[in-house]
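The following features are taken from Swiss-Prot:
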BINDING   12-18, 40-42, 304, 330-332, 412-414  GTP binding site
BINDING   13, 14, 15, 16, 38, 39, 40, 41, 128, 142, 223, 238, 302  IMP binding site
BINDING   13, 40  Mg(2+) binding site
ACT_SITE  13  active site, proton acceptor
ACT_SITE  41  active site, proton donor
BINDING   298, 299, 300, 301, 302, 303, 304  substrate binding site
């Protein structure tokens with residue numbers, strides 16, 4: 001067995017797609033295990049950017065299998081659009097496999113997402129309005145429609161009619177909104193199902209067979225640990241489990257078959273939407289980081305909130321996700337700053353704490369305790385080894401590793417594949 005999990009350690013947008021793409025070169029199967037098209041990842045190949053939301057980053061390797069696992073919620077309309085986009089770019093998708101157990105996002109999920117968010121008023125969570133939460137709600141309530149159901153016209157008709165009856169009562173009676181027509185959904189979405197039918201299978205069999213045969217399998221997480229519904233900044237979280245433990249549920253692969261967990265982080269922190277963010281910057285330094293780092297959401301286009309690197313967050317992520325290796329991205333974005341800061345602990349009502357509180361009220365009162373390091377003026381985008389980094393940048397990388405308590409396997413000085421520097425192979429000793 002040879003398997004590696006890639007997880008985001010912050011609030012998403014850490015560069016997981018880039019690292020997954022990088023590690024995919026030595027994998028034979030690449031699988032996603034949770035989330036939906038609310039998460040976007042950008043891959044740069046030969047200077048060209050590709051933006052994906054559902055399909056795993058490994059799709060760009062035609063000889064490798066890319067898997068959409070059972071833990072995902074799939075909007076068939078978005079998936080077909082993404083497939084067409086790849087085809088137009090000359091990318092084959094013959095290597096894609098979709099779990100027949102994955103749940104389907106339908107228009108009523110998106111409408112319910114919108115209405116629920118509007119009803120919260122000033123207490124909005126900041127959802128992407130992609131229907132993710134309502135789809136997972138239906139899954140937990142055991143009324144969800146799965147990919148396998150979508151492919152069977154009679155079953156899809158029966159379950160869609162049942163669900164629409166219930167949802168329309170909600171829309172009309174609770175939200176004073178307009179009902180959704182069965183006819184507006186049924187034929188269109190059944191046709192989407194037929195367009196993806198060739199890719200649908202029991203992906204748990206594919207993944208376990210690959211591992212049993214000694215093949216290298218890479219699991220690609222979406223969002224980040226701090227958006228995990230159990231371990232994140234609840235309720236400002238996603239509706240699934242991005243933590244490494246989510247792999248076993250979302251892929252049908254047992255925990256004994258997971259070998260390493262790579263935590264991906266940026267040299268600073270960013271967040272989309274509302275919720276606690278102790279190291280958030282509101283000054284010109286924050287604006288500079290946002291602009292240089294192109295911190296705008298892949299899915300929403302919204303400006304991301306940015307702040308200093310938070311080792312409290314990172315140690316929390318390391319603990320709950322069992323991180324064995326770290327990939328540190330976007331060090332180049334900090335170039336040119338006179339000083340750089342790292343949050344080493346929090347001050348909570350005059351007491352120093354080293355853990356991340358569960359209470360939102362406590363988090364609001366947490367003040368970051370910073371360690372300040374000298375910056376570096378040099379352009380480091382051409383650096384190809386740790387030794388080539390300026391001394392101050394090198395010290396920053398080492399200090400991050402010390403504070404998090406995990407060795408750094410790769411560091412990146414730009415978005416390109418060639419700008420990822422290897423300190424040790426993640427696939428070694430497996």
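Every residue gets a Cβ built from N, Cα and C, even glycine.
When the alpha carbons of residue 18 (GTP binding site) and residue 38 (IMP binding site) are compared, the span between them is 18 angstrom. Put simply, of the binding-site residues 40, 223, 413, the one whose Cα is nearest the Cα of residue 303 (substrate binding site) is 40. Between the CA atoms of residue 301 (substrate binding site) and residue 15 (GTP binding site) there is a gap of 16 Å. Comparing Cα positions, residue 38 (IMP binding site) lies closest to 12 out of the binding-site residues 12, 15, 331, 413. Residue 12 (GTP binding site) and residue 40 (IMP binding site) are 9 Å apart (CA-CA, integer value). Taking the C-alpha positions, the distance from residue 413 (GTP binding site) to residue 223 (IMP binding site) comes to 21 Å.
Residues 13, 14, 15, 16, 38, 39, 40, 41, 128, 142, 223, 238, 302 are the ones the record ties to IMP, and the longest Cα gap between any two of them is 34 Å.
Look at residue 331 (GTP binding site): DSSP puts it in a helix. Listed in sequence order, the binding-site residues from 128, 302, 304, 331 having a Cα within 10 Å of the Cα of residue 41 (active site, proton donor) amount to none. In this structure, the C-alpha atom of residue 15 (GTP binding site) lies 14 angstrom from that of residue 304 (substrate binding site). Among the binding-site residues 42, 304, 331, none has a Cα sitting within 10 Å of the Cα of residue 223 (IMP binding site). In this structure, residue 18 (GTP binding site) is part of a helix by DSSP. In this structure the alpha carbons, written CA, of residue 304 (substrate binding site) and residue 128 (IMP binding site) are 13 Å apart.
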